[in-house]
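Remarks on the structure that follows.
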Amino acid sequence: MGEIEGTYRVLQTPGSRLGAQKSSGVSTLEPGQNVLTAMASSPAKAHERDLPVKIKMLDSTVEVLDIESKCYGQTLLTEVYKHLNLIESDYFGIEFQNIQSYWIWLEPMKPVIKQVRRPKTTMLRLAVKFFPPDPGQLQEEYTRYLFALQIKRDLAEERLTCSDNTAALLVSHLLQSEIGDFDESEDREHLKTNQYLPNQEKLEGKILEFHRKHVGQTPAESDFQVLEIARKLEMYGIRFHLASDREGTKINLAVSHMGVLVFQGNTKINTFNWSKVRKLSFKRKRFLIKLHPEGPYQDTLEFLLGSRDECKNFWKICVEYHTFFRLFDQPKPKAKAVFFTRGSSFRYSGRTQKQLVDYIKDSGMKRTPYERRHSKVRASTRTSNADVPKQSVPFTEGLRTPGSPASTAAPFHSVHSLASPTSILPMFAEPSPSSLEPRASYTRIPDKTTAAPVEEVGRKLMQQPGSPMLQGLPVEHAQLSSLVLKSPLGLSPGFQVNAVTQGSSPLLSPVLSDAGGARIEEDEEMKRKRCPTDKAYFIAKEILATERTYLKDLEVITVWFRSAVIKENAMPEGLMTLLFSNIDPIYEFHRGFLKEIEQRLSLWEGRSNAHLKGDFQRIGDVMLRNMHALKEFTSYLQKHDEVLTELEKATKRLKKLEMVYKEFELQKVCYLPLNTFLLKPIQRLMHYKLILGRLCKHYTAEHRDFADCRNALKEVTEMTSQLQHSLIRLENFQKLTELQHDLIGIDNLTAPGREFIREGCLYKLTKKGLQQRMFFLFSDMLLYTSKGVTGTNQFKIHGHLSLHGMLVEESENEWSVPHCFTIYSAQKTIVVAASTRLEMGKWMEDLNVAIEMAKKSTEKSEMLLENSVCNRSNRSSDEVSVEQESEDDIHSSRSSLDRQSQHRANTTMHVCWYRNTSVSMADHSAAVENQLSGYLLRKFKNSNGWQKLWVVFTNFCLFFYKTHQDDYPLASLPLLGYSVSCPVEADGIQKDYVFKLQFKSHVYFFRAESKYTFERWMEVIKRATSSPARSSLLLPKEKDTHTE
């Protein structure tokens, strides 16, 4: 009695976890068997009585399948996937309701009749089982379409809870996908007959407002947008299982790709990541999570579910989710017990996500093209001809692939269709009732159809005026094939064959897939020809692009960091109020501002209301109105000093907050040091000033937009003059706190009066010769450090020198070392060498300026120095070897600190270390002014196509995203040390507006959309990465700012 009924170890032992060493797993299959052979070898009678099973598809159509009465779940799943011609099938499953009315997944390894109590009367339904964190991981456009249908179902069933705005936005994209471009009367009619949301009537206005903005968006793009929005919601893919904790508090348990989640109501209160879970088990109604022991916390958590069956069901789902998302391979077969077994032997028996992705990429399988058109509702209301072409392919024909036997599956037949289930219909048949169902709008062409015949069919049909393909549909909506009409690839046989064999999709991440480069080029060319060419338009577009990035930066604090501190209850109430009451109003203001800019640019480009074009080819009125409104927030911006100071104090005082802070900085969404984001609101005002200055410079005094731009510039200049001194102080404080976190051996780097001057790499002469050291120059001292071999990615202080009485001399001749100079101080004398003569000049100039500043200061700085730097041995650490890695360091470097090592490697400190360069505070200030965002086409030195990416340049680094809506970058490229230039003839680049980035043998090409954009990217990268001496940078810069 009381024994554990089912266990599942989540250590390295049961499978090859991603990022860990390979190891074996457990399965219920016999050695040498897979799921299909196990099914085939199961005993079955030759003439078993058929059992009709009803299955509701994701598009709400009901199919009936006749199966053998002892048929296994896997057989039913296989036939459904074949019917849909679904390649990425492992993301899906079939679910049904049991007697207690909660949903259960059909198990592949059990007979259907042993799972479904009354199979003849029970309605099974196809559903998404595994929700990946990023829809970009879905390789097929068709799979994304089915996922979008699942989101639609979840909205209707109130599973995907979200704000009214988000719900309306999701429905607007679904409308665009199903019925095409906005038409108010038809939209209202469609919403009357189709229920997307429980409170749809209340949100109808918002839905229509959003739908109006999606003009020209293809159904595939709309599906992708639905998934992009949905994946950011807390309830994305969440299925609640009612439970209670040890205290009897009612909670909801759920499982996701991350781990096991705990909710109170709809609010997530805890996450047990797979990396922290050691074992999952259940005992009767009790669900147990055993964690890896961490400090004083209990390592076993217990939850009580409604019944043993509910508990076992949830445990099974956890086992499957862990295997699918965390393991490399299917679990290996488990040896059968000779006498008896103890506990449940259930294990996941399908492919893991990695196996599925590898299979799609490596199998060389030809991805089946498909046709998709707008739904019956829009087609019937816009055309008088009722002969809408049927766009479906018979199931039996679609299943036959070259080299495979004809399917012996039991036939499907639609509940709504009277057509014979085995009849072979022509490709473009007359319409039948089933062809008017939503499913018919997304049906695949059989695998054996090759590229050339498809193109030929399309060409012939387009040439025939009476062709059924074009009857009843306007030409612009007759999407014969993604390869024939809509796609530019369809115009070239060469491109077409390439598209079919590689299966490239416009929605695949350009970072993940190099296919479709030619199409991107053509699309960009067409777009360039349609867009306005006025310089003012491109300046306005820069405002839009940088505003999008700015809003995402604010969300790091207002959304992501808030969520982290609330979840852990790590921040005192007073600090919470101070921080978020200060930044929330600014965030809300800029959300509205961004919408205004988007609407104005849309009108300017002529995408809608083209007849009003003349009144909207300007941006000054929008800027003036919003700069005037922004003045009300000056008081909030002046409090940023207090916010930064209080946050730093609280982080030092409260260990829990410090832990949350450090953990948050390791997350992908926090792509810069956290406190950098708190400076963004003031820095953004500087950007407005520079951009408005460029507009005023561009316009003549008589231009209708000049007066508004000039007045807006006056408004923002007034604000920046009030905040300029505050910004300089805050940038210094932010840099000091960033260094405080990254340096080991100093306690109080943020002491009042201390200023950061320069950081960079120099070689120090020791008994062992020249050794690389990282130097940090402040207004009162010089620190030198080395990078440890542990996984902490921090720099360890080796020595500190006071600036009082310091002397610096060039000493190349004395030591016969290039670019060498000697630093004499009261404590000791050191000899250092720079990588270039320019670097040596920068260091010597800054050191001499700092020494002069220190002479004028009081004795206070000596006290600061003594209190700041930790007590160290008299023996110089340069004379001893770098510490060996301890066992703890080895383990930590493989876990979260390893992530830190990867994630924080693009900070200026680490880039200076690896590229043998240095950066001054003046360089940091210049970099703040030189920030830019926008879409660019990227090409590697040896690659063929161009990849379209959203690129953000900030903090001396390029960050790459798939789209501007992404929350975190896919990759980054630190540019310190890189040179920017135009391509030479030898590069073989024949395009306009291309610039070249090069560091040693690393070469990248980037292509801009216009001459203005090209010049702006060249300008900001040159200014931010070419690091002149401190004094020469400061003086002309002020002058330049006033001229603009």
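Each residue, glycine too, has its Cβ placed from N, Cα and C.
Residues or ranges marked as coiled coil by TrEMBL: 637-667.
The compositional bias 'Basic and acidic residues' annotation in TrEMBL covers 889-901.
Look at TrEMBL and you will find 51-329 tagged as domain 'FERM'. On the 0 to 100 pLDDT scale, the domain 'FERM' (51-329) averages 88 in this prediction.
Per TrEMBL, the feature domain 'DH' maps to 535-726.
Taken from TrEMBL, the feature domain 'PH' applies to 755-852 (among others). Helix first, then strand, then coil: DSSP counts for the domain 'PH' (755-852) stand at 20 helix, 50 strand, 28 coil.
The annotation domain 'PH' is assigned in TrEMBL to 929-1026 (among others).
The feature region 'Disordered' is assigned by TrEMBL to 369-410 (among others).
The feature region 'Disordered' is assigned by TrEMBL to 865-903 (among others).
Ranked by Cβ pairs under 8 Å to the domain 'DH' (535-726), the stretches 51-329, 755-852, 929-1026 are led by 929-1026. Sorting each residue of the domain 'PH' (929-1026) by its DSSP state yields 19 helix, 41 strand, 38 coil.
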